[in-house]
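K.L.:
Supplied in structure tokens, the structure appears directly below.
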């Protein structure tokens, strides 16, 4: 017994050290979030990634989420409310790159770290962590044009007019198009990143009877394949994003050739990590951090194996399967699916 | 004084509600101060003009579903005209856009009067037309705004010697009050204003009393268009761009009109009530953000508060009538 008693101070010391260790990583920050598209699978994954990463980091006491369908003026209001709430950092997916500049400037002046995720903003003091949207479109478009033999007619189904992610993707698409002079865009539409709208648009186009050799989509993909199958149109190569539904189709729909380009919604979680790094005094070398996309296709055996390994039928079909980003997110799959933030 | 309180009972109630909410906001966030109030007013600005536009036609017994689309069209027109233009050019842009709103509103009114198609149908049709026109002007959000125009809603009005008070008077508030008053007060006191209330209350009675019903209706819609154009300008001034897709202003305007004590059947109510209602609704949104309420629940709470207030108001009115 005496022997054990002698260990008491040691244990106490260890406990003290442990408590110091815990307190240095203690939750101390409040993070505000502003998002202006509600009810979209990708954005919902982004919000859940933000919640999961805030929880997993252990450094966030509270998340203050302003998440509704609104315009740039509404986002100005939300960001200013977050400034009033005295948050330490704001993670924002901008409704417009220039339209929210004044509020972001006010936030920086108030000492708040501003991180824009998914799309760029014009405010120079804001940090940006985003998927490389230009490369996203270039990779997919180039693959598609090669797949149809370097010539033919393609349908170009874009995102939302005016969104910077859309204009960046347009640059990448045009870059690939310039490399294939015999490829023509027969139809160009904005899906607004809405599943129902995109499906209606492709059905309308199929009804015109115009021939086409391939379809490039800005992530509204599984409903396009559905439309082709339902209208019994010959399947053409389709490029989409890594949404769970589309990845599943690439594995299962007979005769469908296509490619999924990664565009992780978990970028929201990466935004939280970046914001915490800056709050802890570790600023990135560049104001803009880009996450590079990957392309998974089912035209080769190797690609098929990759697609099989990433498929995840347990996810909602509109959720990208890349639910984490190496080096940027630390939460588990259960945490992001639970979609619970600190204190919830 | 008691007569005034009785006549303006609804507005007084809303003001009390606003003050209570303000105190609650202070309790949630003790640091909530004049700068935050300035943010609130800037958020209120486009909504307030949208509500003014809606109020005037509702009082005249109609409804205008094209308010949001009209704001989008005037906003993109202003933003694209000012894009790359000189600062002085904006002096011409502002009256042009306001005149455009006035004319478009008058067209709405004329279509209703001439075709005798119900206003809900006509303005629904113009909603689509104006929305399409806005996309023609600017296919995607863009454009620019003159710096001086932007500065008119940033910061506070400086009253020499009274820094504490002037900190609570944001320029945006002054702009709002001035623009609403220069149109509303003369209108309310004129024969035209009386005619607008008259046709809203009973078109037949107004007609038999010699009110030019058609002309009054067209003017009401024209003024609504003018207010909507002001709302469009306010949007461009706050964001610095024009966006062709209309924001959530139509439904918000109807909500604030109802909350503001204007009878949807027409003929009753004023402008002050709906404007205070906008402040109440925006402050509720601020509180919900400050409290970090689950964002999927906030819309439900906003709706529930509105129904509760209107029901409570109707209950009080009924009780006072009985006594």
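The chain as shown is numbered from 1 upward.
Cβ from N, Cα, C; glycine included.
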K.L.:
Quick one: sort out which of B:148-167, B:168-187 is the transmembrane segment according to TrEMBL.
P.N.:
B:168-187
K.L.:
Return the stretch with the most CB pairs under 8 A relative to the transmembrane segment (B:89-114), choosing among B:9-28, B:48-77, B:218-241, B:299-318.
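P.N.:
Answer, by Cβ pair count: B:218-241.
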K.L.:
Looking only at the recorded stretches B:48-77, B:218-241, B:271-293, B:299-318, which one has the largest tally of CB-CB distances under 8 Å to the transmembrane segment (B:9-28)?
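P.N.:
Result: B:271-293.
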K.L.:
Looking only at the recorded stretches B:48-77, B:271-293, B:299-318, which one has the largest tally of CB-CB distances under 8 Å to the transmembrane segment (B:218-241)?
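P.N.:
The stretch I would name here is B:48-77.
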K.L.:
I need to check the long-range neighbours of the transmembrane segment (B:271-293): which residues 6 or more away from its ends have a CB within less than 8 Å of a CB in the stretch?
P.N.:
8, 10-11, 14-15, 17-18, 21-22, 24-25, 28-29, 32, 36, 40, 43-44, 47-48, 51-52, 54-56, 176, 180, 184, 188, 252, 255-257, 259-262, 301-302, 305-306
